[in-house]
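Asks: One structure follows; several queries about it will come next.
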Amino acid sequence: MTPFPGRSAASAGPAHAHSVDRLLTRRLDEALARPAAQQPCWPDPERASAVIERLRHAEPIVAPDETARLSEQLASVARGEAFLLQGGDCAETFVDNTETHLRANLRILSQMATVLTSATGVPVVEIARMAGQYAKPRSAVVDASGLPVYRGDIINSTEPTPTARTPDPQRMLRARAHAADAMDMVRRIRAGAAHISHEMLLLDYERAGLWADACGPGTRLTSGLAHFLWIGERTRQLDGAHVAVAELIANPIGLKLGPSVTPELAVEYVERLDPHCTPGRLTLVSRMGHHLVRDVLPPIVEKVTASGHQVVWQCDPMHGNTRQSANGFKTRHVDHVVDELAGFFEVHRGLGTHPGGIHVEVTGEDVTECLGGASGTAERDLPARYRTACDPRLNADQSLELARFVAELLTTVVRAPRRGRAGRNLDLERTTPPAGRLSQVPVARR
Ligand SMILES: O=C[C@H](O)[C@H](O)COP(=O)(O)O
Ligand SMILES: C=C(OP(=O)(O)O)C(=O)O
């Protein structure tokens, strides 16, 4: 594959006509001219432009045939034949881009997948939040001490000084190098079997990683930075740049849906991002919060299903359940996480639709960032190993508990007779979550 513009995917044969590149370039420029939320203000725009130019000449990190393979797998998830497990760090950091850390995170994902498959017989498609998850959207512009907030290692540093928090475009080059290194390690560790993903947030970086791909019926843009990209809750404005850029790219796309999304808005997204009704092209990631999911999600699922698009329904049970502990840590309680998952499964069971997957912030390391779970992590335990650069992750034990709980939920769906698309039964019994009920499924150690 060769980069865009003026370059084409190797498998596409000769470089495409300049007219195609010009058309794509124009559409991309129009998309990028729209308002873009959560972008840094580079203090020296010329320096930023020079960095972006260098990024445009970097080799791609993923290959189009790998992305195409993932698209096929996601189609099978959308058809209800497989389950999607996506997870990893909230914010990857340069300093933690080590083989030890990546191994631990890939190991926990793989163990979770084993739990799910062995309990249900359903094939699991794994996607790591890895090799590029360096940009973070934030709710506030400044932190408690009045400094600009940390926005991910690709933009600034966690270090609490004015200089370290100033956006530095050179960091995009470091991020690109780290992502390439991480992908090499992932390929070594997983022998080519992993897919990687990150939030498509920082548009200067994402734009420089786009390639023209003429493999399909028409030339499309494809990202050489990840197999799967998602649009976050804070950047999903319908008239904004992120949605417009995502429309142009061939990679499978995820879209986070928070509780303010109406069924009508969900259908608008689906029509924009899945114009050809391609099963699995779009993954709708609901992150409603455990107290809202049972009320807010059903009409969305119904309306999108009635529109005829076959999306992947995925639940992110983390981002709607974040709170501040009394001792000042950003945390989440495992009970709330599993309750949102239970609600998600209840909704899909009631509607006869496929609860296609989960998207979780996890690490294979023994951190103390989320509360609860079998080990009973309490607020007083949080300072011991609170290591995340942004949001709290489930540790290895909590992640496996979660996988067992999801396996149990999935088993009931697999065993239940599938209702027709219109089949609606919202007279649901609430699933009893937690720990005591979790069945023990053996986990292979790698
Ligand atoms: O994943 C992390 C997001 O950046 C985050 O949830 C926003 O966090 P904030 O509300 O602390 O800014
Ligand atoms: C910020 C994230 O999620 P959301 O956009 O749903 O808040 C995330 O997944 O890192």
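Any Cβ shown, glycine's included, is placed from N, Cα and C.
Those TrEMBL annotations? Automatic predictions, nothing curated.
Below are the features listed in TrEMBL for this protein:
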- CYS90, HIS319, GLU361, ASP391: Mn(2+) binding site (BINDING)
- ARG129, GLU233, ARG234, LYS256, ARG287: phosphoenolpyruvate binding site (BINDING)
- 424-446: region 'Disordered' (REGION)
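I would like each feature placed in context: is it buried or exposed, what are its neighbours, and how far apart are things?
Replies: In sequence order, GLN133, LYS136, GLU361, THR388, ALA389, CYS390, ASP391, PRO392, ARG393 make up the list of same-chain residues 6 or more apart from CYS90 (Mn(2+) binding site) whose Cβ falls under 8 Å from its Cβ.
All protein chains shown were included, and the count of other CB atoms within 10 Å of the CB of ARG129 (phosphoenolpyruvate binding site) stands at 27.
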Asks: If you check the binding-site residues ARG129, LYS256, GLU361 one by one, which have a CB less than 6 Å away from any atom of ligand 2?
Replies: LYS256
Asks: Once the DSSP letters are reduced so that anything not helix or strand counts as coil, what is ARG234 (phosphoenolpyruvate binding site)?
Replies: helix
Asks: Do any residues at least six apart in sequence from HIS319 (Mn(2+) binding site), in the same chain, have a Cβ closer than 8 Å to its Cβ, and if so which, in order?
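Replies: HIS319 (Mn(2+) binding site) has long-range Cβ partners GLU233, LYS256, GLY258, ARG287, ASP391.
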Asks: Out of the binding-site residues I have (CYS90, ARG234, LYS256, GLU361, ASP391), which ones have their Cβ sitting under 6 Å from ligand 1?
Replies: CYS90, ASP391
Asks: Indicate whether ARG287 (phosphoenolpyruvate binding site) is helix, strand or coil by DSSP.
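Replies: DSSP assigns ARG287 (phosphoenolpyruvate binding site) to coil.
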Asks: Compute the centroid of the Cβ atoms of CYS90, HIS319, GLU361, ASP391, then list the same-chain residues not in that set whose Cβ lies within 8 Å of it, in sequence order, for the Mn(2+) site.
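Replies: Apart from CYS90, HIS319, GLU361, ASP391, the close residues are MET318, THR322, THR388, CYS390, PRO392, ARG393.
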